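Taking it in order: structure first as structure tokens, then the write-up.
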Amino acid sequence: MPQSKSRKIAILGYRSVGKSSLTIQFVEGQFVDSYDPTIENTFTKLITVNGQEYHLQLVDTAGQDEYSIFPQTYSIDINGYILVYSVTSIKSFEVIKVIHGKLLDMVGKVQIPIMLVGNKKDLHMERVISYEEGKALAESWNAAFLESSAKENQTAVDVFKRIILEAEKIDGAASQGKSSCSVM
């Protein structure tokens, strides 16, 4: 097996959309039912995707809102971003659009690996954002999209595998686009 690659992924979104629950479900395989606002946590996990082992460093950020100022650390050495909203919250869906815009401004690149996640899909009766709305938003960003339920462990692993694939796809395109110049 090839040597493992290190990848750093930031998880961003409005408060109480399930960023920490999704991350803990992926890393530890358990659902934390209580809500304790996150300041910032970092988790690590080894995962194999398409035969390649990855050492993931996951930055679980504090909830942002439309007025949040992004710390510069959110753009340094980050290989991909998971943007999470709750399918039960119009506010979180609107704020994720603002977060995306701020992220593009901060990173300064047109194409960055982004995975849009509609979380809490198990709460059928409270749903206010349709699957189609989430998918359309992701397509407008040229981003990957999944809905998830951290509580029922639906697609948690898929979310993190997919962002790795998105990061590798963009890294591959960037390295193919590089030109070499020789001065003689």
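Any Cβ shown, glycine's included, is placed from N, Cα and C.
Annotated GTP binding site per Swiss-Prot: 16-21, 32-33, Y35, 37-38, G63, 119-120, D122, A150, in sequence order, evidence recorded as experimental evidence. Around S16 (GTP binding site), a 10 Å sphere centred on its CB holds 16 further CB atoms from the protein chains shown.
Residues or ranges marked as Mg(2+) binding site by Swiss-Prot: S20, T38.
For Y35, the entry in Swiss-Prot reads site 'Important for autoinhibition of GTPase activity', with the evidence type similarity to another entry.
For 35-43, the entry in Swiss-Prot reads motif 'Effector region'.
According to Swiss-Prot, the phosphoserine annotation covers S130. Classification of S130 (phosphoserine) by DSSP places it in coil, neither helical nor stranded. Cβ neighbours within 10 Å of S130 (phosphoserine), excluding its own Cβ and spanning all shown chains: 12.
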Mean predicted confidence [pLDDT] for the motif 'Effector region' (35-43): 75
Cβ neighbours of G18 (GTP binding site) where a neighbour is any other Cβ within 10 Å: 26
